[in-house]
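Q: Found this in TrEMBL, in case it helps:
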type     : residues : note
DOMAIN   : 72-451   : domain 'Cation/H+ exchanger transmembrane'
TRANSMEM : 76-98    : transmembrane segment
TRANSMEM : 118-136  : transmembrane segment
TRANSMEM : 148-167  : transmembrane segment
TRANSMEM : 245-269  : transmembrane segment
TRANSMEM : 290-310  : transmembrane segment
TRANSMEM : 346-366  : transmembrane segment
TRANSMEM : 371-394  : transmembrane segment
TRANSMEM : 433-452  : transmembrane segment
């Protein structure tokens, strides 16, 4: 059969593994336990559908994997917090230690990654929940123009380098878009103690930076939605250039139609449904937060399902669910965030640990010189592009803040891990490119605090500097 590889596997029944029990062939055939397959490389797979579904069963490999990740992630995250690094690095290190490049103790890799996907869903839901039009009101022109110009310039540079290095255009576009995003959680931590007020009539750097990051989060949702089209566009099916261009235009038309249908549906939900729905949840959940959590989760999964049915990514549905609920006001946002954030945090640990399963320290060590060069090139390029763009769009009275904002945008967002895993799974990028994206993102996030402190020390007046650092 074309494109199919056959391999003999050993099927072991649950009771066969018990050597103390002498079961006849008939008894084994009638056994109601779980079955396990073992391939030629000694990989073990639990069949998820038992013969008798009336008997409750559990995949003990998966339970042990989650328990191990939960225990080891604490000291790893604690260590990173102690030395001033984001805790997600600790969770990635946890995955490295338990994965194939470390102790190789994780047996249910697919199940761990599947559970980690829910961490992505709830993370994007909270990103949408924090999306506030009020934040953009004062600096909406800068927030809209800045990220768009930066993304376009990054893609242009990416296509140029891709042409020189003979990289496929779809892969070049994907890599450039990944690198154009900046980390909202990290910059928000930088701004936590900063002074928001400047001279009257001026624009403070925190408003500009947060506004641009919010618009980058919107771009992230849209790019995730467009990824299926990018995958199809990368598969050449026609020899004629005209037919190929026509096919790509049809794909773009399809995604535009799907996005229009999604946003029209969101407008209807926001106008007629979300207000009464939340008020009903709030009334029913007094004294019992379980109803509120379940109602919000069900609404998120509903939006996720709708976007999937409309041939748009599930992640965009989660983002839109958060944005729709945030339209009900600041008090609603705070209440829901307090309920959902602990769930997101636990599932995010599983997601970042699943990323660590695919990181090989030997690759980083062997290619450290190349990785440092690439990271410095990306950070410097993002900084220079941000300075150029902000020089064009900032008012003359606020030009001095371009250096601070550019320093805040110079690193690469941790959502590159999400985009990279999607692209690797879909075959847009190779394994080597995926490891390069992970490594460059990690190193850029490690450099970000030093760059931010340098910009604050150089550009912020002394009274503000004390509170900013």
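Including glycine, each Cβ sits where the backbone N, Cα and C put it.
Remember, TrEMBL labels are computer predictions, not curated facts.
The structure displayed is predicted, hence computed values, not measured ones.
Distances, neighbours, how buried they are, the whole picture for these features please.
A: Beyond the ends of the transmembrane segment (76-98), by six or more residues, the same chain brings 65, 68-69, 104-106, 185-186, 348-349, 352-357, 359, 361, 414, 442, 445-446, 449 to within a C-beta distance below 8 angstroms of the stretch.
Within the chain, the transmembrane segment (290-310) has long-range Cβ neighbours (under 8 A, six or more residues past its boundaries) at 121-122, 125, 225, 258, 261-262, 265, 277, 281-282, 284, 316-318, 320-322, 324-325, 335-336, 339-340, 343.
Within the chain, the transmembrane segment (371-394) has long-range Cβ neighbours (under 8 A, six or more residues past its boundaries) at 141-142, 145-146, 149-150, 153-154, 157, 179-180, 182, 203, 208, 364, 401-403, 405-407, 409-412, 436, 439-440, 443-444, 447, 451.
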